[in-house]
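Enquirer: Here you go, one structure.
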Amino acid sequence: MSEPGYPSDTLKDFTPEPAEARRVVVLISGSGSNLQALIDAQAHDELGGEIVAVISNQADAYGLKRARDAGIDAVVLPHREYDSREAYDGALIKVIERHEPDLIVLAGFMRILTPRFVNRFLGRMLNIHPSLLPAYQGLHTHARALSDGVAEHGCSVHFVTEELDGGPVALQAEVAITPEDTEESLKAKVQAREHLIFPIAVCWYLEGRLRLEGDAATMDGTPLPPTGMRLSHADAAEELDEEIDD
Ligand SMILES: Nc1nc2c(c(=O)[nH]1)N[C@@H](CN(C=O)c1ccc(C(=O)N[C@@H](CCC(=O)O)C(=O)O)cc1)CN2
Ligand SMILES: NCC(=O)N[C@@H]1O[C@H](COP(=O)([O-])[O-])[C@@H](O)[C@H]1O
């Protein structure tokens, strides 16, 4: 074999720097079961990055305990202490940027974000929404689906844009509604699916596979349909196993 173009001992002691872990900041307002799913995925090396901070607008959010128990910086930024939505979002931007995130994740964060905030992080902010978007944007999605008597419901991971729950959808999972379902039972079924698809979507983003390109979500460079990819329960379980095997 011909001699290399460098003194052969150049790389003798070369130790590549470990790739910087991609950094995730998670915003919450409540229980944090989706945050816990992300923490658990990280613990199994299935997240593709590190949750470096959790920020809540509610001081009594149980998700703050989940963060602290996992050794993650947990910050309370109460929106009621600010005179306007714009002032709050300005303070929130500063707290977030101190952690230098690659991705901001809204995991049950119950504040409508201003255009200034959204555009500061456009393309690197994902939300989990408890419906099959574009159906049931906004709040009280389970009660509305039950009231309408629809047979199918579910959850969506989408990029956050100025339009409330209107951003390009990356990933969805469906659940069947039965006549016996209550708001509580339906919420439990939907959240079980949320806990599967949210870590997968976050991991795909951090791996650089899922992106926002213009007005479309793309996967490996291919634009996704308006309702994103639909992941069955079996697919999601297999994907997680594959994440373990990778
Ligand atoms: N500009 C955007 N902001 C937010 C988005 C978004 O897509 N664009 N997603 C939401 C998450 N969300 C549903 O998934 C949501 C959260 C909160 C509300 C809402 O009406 N909030 C009220 C307060 C409600 C409360 O405190 O219980 C408000 O902010 O006045 C609707 C949808 C996150 N933000
Ligand atoms: N419109 C926003 C919204 O309703 N988000 C929903 O809040 C719940 C938070 O649960 P968690 O705190 O246990 O993750 C989740 O089910 C999420 O889809």
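Yeah, the Cβs are placed from backbone N, Cα and C, and that goes for glycine too.
Pasting the relevant annotations from TrEMBL:
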- HIS129: active site, proton donor (ACT_SITE)
- GLY32, SER33, ASN34: N(1)-(5-phospho-beta-D-ribosyl)glycinamide binding site (BINDING)
- ARG85, MET110, ARG111, ILE112, LEU113, ASN127: (6R)-10-formyltetrahydrofolate binding site (BINDING)
- 23-201: domain 'Formyl transferase N-terminal' (DOMAIN)
- ASP165: site 'Raises pKa of active site His' (SITE)
Enquirer: Give me the Cα-Cα distance between ASP165 (site 'Raises pKa of active site His') and HIS129 (active site, proton donor), rounded to a whole Å.
Expert: 7
Enquirer: Any idea of the Cα spread of the (6R)-10-formyltetrahydrofolate site, ARG85, MET110, ARG111, ILE112, LEU113, ASN127, as a max distance in Å?
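Expert: Comparing all Cα pairs, the maximum is 19 Å.
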Enquirer: Using the recorded N(1)-(5-phospho-beta-D-ribosyl)glycinamide site (GLY32, SER33, ASN34) as reference, state which further residues of the same chain have their Cβ within 8 Å of the centre of those residues' Cβ atoms, listed in sequence order.
Expert: ILE28, GLY30, SER31, LEU35, GLN36, ALA37, GLY63, ARG66, ALA107, GLY108, GLN191, HIS195
Enquirer: If you compare CA-to-CA distances from ARG85 ((6R)-10-formyltetrahydrofolate binding site) to each of the binding-site residues GLY32, SER33, ASN34, which comes out shortest?
Expert: GLY32
Enquirer: Looking at Cβ-Cβ distances, which residues of the chain lie under 8 angstroms from HIS129 (active site, proton donor) while being 6 or more apart from it?
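Expert: In sequence order, the residues whose Cβ lies under 8 Å from that of HIS129 (active site, proton donor) (at least 6 apart) are GLN137, THR141, CYS155, SER156, VAL157, HIS158, ASP165.
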Enquirer: Out of SER33, ASN34, ARG85, ARG111, which binding-site residues have CB atoms lying under 6 Å from ligand 2?
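Expert: Result: SER33, ASN34.
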Enquirer: Using DSSP, would you call SER33 (N(1)-(5-phospho-beta-D-ribosyl)glycinamide binding site) helix, strand or coil?
Expert: helix
Enquirer: For ASN127 ((6R)-10-formyltetrahydrofolate binding site), write down the residues of its own chain that are at least 6 apart in sequence and whose Cβ falls under 8 Å from its Cβ; none is a fine answer.
Expert: VAL105, LEU106, PHE109, VAL157, HIS158, PHE159, VAL160, ASP165, GLY167
Enquirer: Anything from the binding-site residues GLY32, SER33, ASN34, ARG85 with its Cβ under 6 A from ligand 1? List those in sequence order.
Expert: none
Enquirer: Among the binding-site residues SER33, ASN34, point out the residue whose Cβ has the most other Cβ atoms within 10 Å, with all shown protein chains included in the count.
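Expert: Top count of Cβ atoms within 10 Å goes to ASN34.
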Enquirer: Round to the nearest Å and give the CA-to-CA distance linking MET110 ((6R)-10-formyltetrahydrofolate binding site) with GLY32 (N(1)-(5-phospho-beta-D-ribosyl)glycinamide binding site).
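Expert: Approximately 12 Å lies between the Cα of MET110 ((6R)-10-formyltetrahydrofolate binding site) and that of GLY32 (N(1)-(5-phospho-beta-D-ribosyl)glycinamide binding site).
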Enquirer: Which whole-number value in Å describes the distance between the Cα atoms of ILE112 ((6R)-10-formyltetrahydrofolate binding site) and GLY32 (N(1)-(5-phospho-beta-D-ribosyl)glycinamide binding site)?
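Expert: Distance between the two Cα atoms comes out at 18 Å.
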Enquirer: Give the sequence-ordered list of residues that share a chain with GLY32 (N(1)-(5-phospho-beta-D-ribosyl)glycinamide binding site), lie 6 or more positions from it, and have CB atoms under 8 Å from its CB.
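Expert: The list for GLY32 (N(1)-(5-phospho-beta-D-ribosyl)glycinamide binding site) reads VAL54, ALA61, TYR62, GLY63, LEU64, ARG66, ALA67, ALA107, GLY108, given in order along the sequence.
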